[in-house]
Structures are given as C-alpha cells and as structure tokens.
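One structure is given here, and the rest of the page talks about it.
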Amino acid sequence: MSQSVESRTRIKSERYESGVIPYAKMGYWDADYVIKDTDVLALFRITPQPGVDPIEASAAIAGESSTATWTVVWTDLLTACDLYRAKAYRVDPVPNVADQYFAYIAYDIDLFEEGSIANLTASIIGNVFGFKAVKALRLEDMRMPVAYLKTFQGPATGLIVERERMDKFGRPFLGATVKPKLGLSGKNYGRVVYEGLKGGLDFLKDDENINSQPFMRWRERYLYSMEGVNKASAAAGELKGHYLNVTAATMEDMYERAEFSKVVGSVICMIDLVIGYTAIQSMAIWARKNDMILHLHRAGNSTYSRQKNHGMNFRVICKWMRMAGVDHIHAGTVVGKLEGDPLMIKGFYNTLLESETDINLPQGLFFAQNWASLRKVVPVASGGIHAGQMHQLLDYLGDDVVLQFGGGTIGHPDGIQAGATANRVALESMVMARNEGRDYVAEGPQILRDAAKTCGPLQTALDLWKDISFNYTSTDTADFVETPTANV
C-alpha cells in the first residue's frame, strides 16, 4: 500500500514540475482509464509529425482540447485538474494506411456547458486542428452520454410527427429544389412551386443561396411560393409545403423572416449550416415554439468533411444537428452527383434515424450511442438524382427520407408538372413492387419501363436520363472493409 502511495505521489509531483514536459507525462494519457457512462467520447484520426510518438500526439490532442497549455501552470492546483483533464486512453493504427492512428479520448461531462453545441465544439474542434505536433487531424466520431443529451431539445417535429402532419406514410417524401436557384422573379418562382406540387411532389424548396437578392426579395418569394402551395394543395387534396429559406445576415432578420413564413401559412422553414451552431440552435428553439418543421441545408460542410485525413466526418455533424433540434438535414444520395460512399451514407442515416446504434466499423460508427429519446431527423437526398435511379434510391435509402429531384423535375422536356409526375409514378411503382415481394432492385429497370407504358412523362424521363450516372470513387470511404464504388 505504501509503495502505491509513494508511486502516486511521485507521479503527481512529476506532473507539476515547472516548465515544458510531455503531455502524456502531464496526465493526458491513461491506458488504464475506466470509461464512465457520463463521459463524452471522441475518436480522432491523427497524422503525427515525423518523430512524434502517436501516444504523445494523442495526449497532446486530449490536453489542448481540454485543460492544457504548452507549459505547466501552477493554477492547475486550484482546480480539480485530475478530473478535468481529458484522457487519451487508446491508440490504434489505421488499417492499411501508414502513419495514421485512431486516438480515443474521454472528456468529463463537466467540461461542457449544458445544451450548447457552441461550447462543445469550442473544445473538441477548437485550437487542436492547428496544433503543430500533428500534420493532420480529423474528428471521426463521438459518443454523447445520456446525461448530456438530456440537456438538448432535439428535433421538435421529427420523422413520426412529420408523417402524421403531412399524412404521408409507407414511402419516401418527394421533393424538388427550384431551379435555377438564382435569378427568377417572384412570380416565376411561385409558378415553379405550383407546377411541381401539382404534378405530385410533397415539397418544393429554396436552395441554399437564395435569400433576398435584388432580382427577388424574400417577402415576394414567400408570398408567391405560398400562393403556389395553397393552389396545388387545394387541387390535389393533399397537404403540401415549400421550404422557405430564412437564412439572413443577423438573427433579427432570420426571426423576422421565420415569423412571416408562419403568417403566410408555411408548415416548414429552412436554414443553412453556414449560419453557425448558435444560430441553428436558436432557430430550432423558435421552430419548436411555433410548431414549424425545420429543414437544414448542409451548405459548406464539404469544406471540412470531405477529406479523409483532416477536418471532421459528416456523421459528427449529423449527431450535433440531431442534438441541436433540426427536423431535416441533407445527408447524401449514394447515386447522385455529390460525394457519397454507400457505407458512409448508411452510417449517416442510421445516426439520424435510429433510437440506439451499436458499434459498426464498416459504417464508421466507433461508439455505441443511446439517443435518450431525442426524436429522429429526416435525412434528405438531393443532388443529381432522377427517376431512372428510383430502385437504387429506395434500396440504399429506404422509406424514411426526402428524395429531392431538382433538375430531375424541372429539367423534364415536357415541363415541370410532367417531371414531378414522372417521379411520383416511378416512386409509387417501385414501392408497390417492393410491397408485393418482388426483387425491385434487380427488376427495377423493367418495373420502370412497365410503369412508363401508361405514363408518358416517365417514359420521357427514362429516355432522357437513362445514361446519366456519376461514377466516381468517394474520397471518404470505409477503413475496415473494402467499399463498393460510391456513385453507381
């Protein structure tokens, strides 16, 4: 017993020696650390500088993302520093990649302000990404403890309530983004909304960069868009909607636009990821108070999520946004024009939709996650998809998704309404085949051809886009299994 006490005393005294000592020696590395249920866990992909030991690099990341600075400071002794130090507790080499490592780090829950994504990210992705000891650093995954999740509101509406509100069950939602995204007048914009909804879509939406420009101010767009929504809903006998983008320069402007969207009768409004975490949480609170569905466009995410060795994996954004309280988020298509590895996309969708997820290394899920009853976020698939891919979309993405065909609706040679009808018929024929027990993936092209015999717009769409695909290998792919080509 006395030897153990002496050992602990020696280690503690070494830890507080004046000057610069290794982070691992300061207590930021602990291979014997016992993870607590209340710990926030993070998994970083680290590429140490030549000559830097991966354990020391991991300890440095733990230190600089929690309590450390470059030298020992005596004021540590005025805090519960042994508790508040983040602990790197495991380092594994990345399979089949030289000089990269997975570093597992645990953070005490008291390091983070309750219910604040901004405070969480200030630590986890704050200074550490510019740290000289690592050539590159990527945040791959996190585990949020239930006690911490309970301080966030989560989605106000979520998948189940949205289906009830829209009265749409047993199939994906269908939508489209107005094209061209910039340049239309308000009246022409509203006409696009009307034609798309009347043709069979559930939603039309603003794109990420349509706000309030000289060619069309926001009030004009809202009024004409909602006129189109109301006329199409009355004609179809279905509840329909249009995502009105309320993104603006200030929170005051965003609140004003959101309030007006509610006044004119919209059931859903939209924001962009680029507004920042605090603004996103603020708008989520507003949406909950005002009984509005909140759609989030992930504009800007690929600036830091696409490269495999540096930045942040999009699955982490999915987790933060579920905590923040958005109801929709763009999460990939697999078969479209944007980055989308099938296994990675599946991991994103499971993160948004499941009440609890297990470790699944092929999908990039490094931790089990209990979502503490936070509601489900509806994934949105958008970007370069068309009716001829319907069997693949249903197979990869399932029912719980919004399929958005922008160019695949508005680019139809027979007009917007015909494009919408083609997509609706393609989807319903594929869902019917699946429900009948057919192998809709293998038979997909034939199912579409059969449906097109009684739907001219679908036949035109199939003829026009039959050879269109985006067959590129993804940048961000699975580490633990061989992955199929991303964009089939």
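Glycine is treated like the rest: Cβ placed from N, Cα and C.
Checking the candidates HIS242, HIS330 against Swiss-Prot: the one annotated together with ASN127, THR177, LYS181, ARG298, SER382 at the substrate site is HIS330.
Proximity to ARG298 (substrate binding site), judged by a C-alpha distance within 10 Å, picks out GLU208 from the recorded positions LYS179, LYS205, GLU208. Within 10 Å of LYS179 (active site, proton acceptor), judged by CA to CA distance, lie the following recorded positions from the set ASN127, ASP207, HIS297, SER382: ASP207. Each residue in THR177, VAL178, LYS181, ASP206, ASN209, ILE210, TYR243, ASN245, MET270, HIS297 lies on the same chain as LYS205, ASP207, GLU208 and has a C-beta within 8 Å of the C-beta centroid of that Mg(2+) site, without being one of the site residues.
On the backbone, the CA of LYS205 (Mg(2+) binding site) and the CA of SER382 (substrate binding site) stand 11 Å apart. Local packing around the Cβ, expressed as the count of other Cβ atoms within 10 angstroms, is greatest for HIS330 among the binding-site residues LYS181, HIS330. A 10 Å cutoff on Cβ-Cβ distances gives LYS205 (Mg(2+) binding site) a total of 29 other Cβ atoms nearby, all chains included.
Here the C-alpha separation of ASP207 (Mg(2+) binding site) and LYS181 (substrate binding site) works out to 6 Å.
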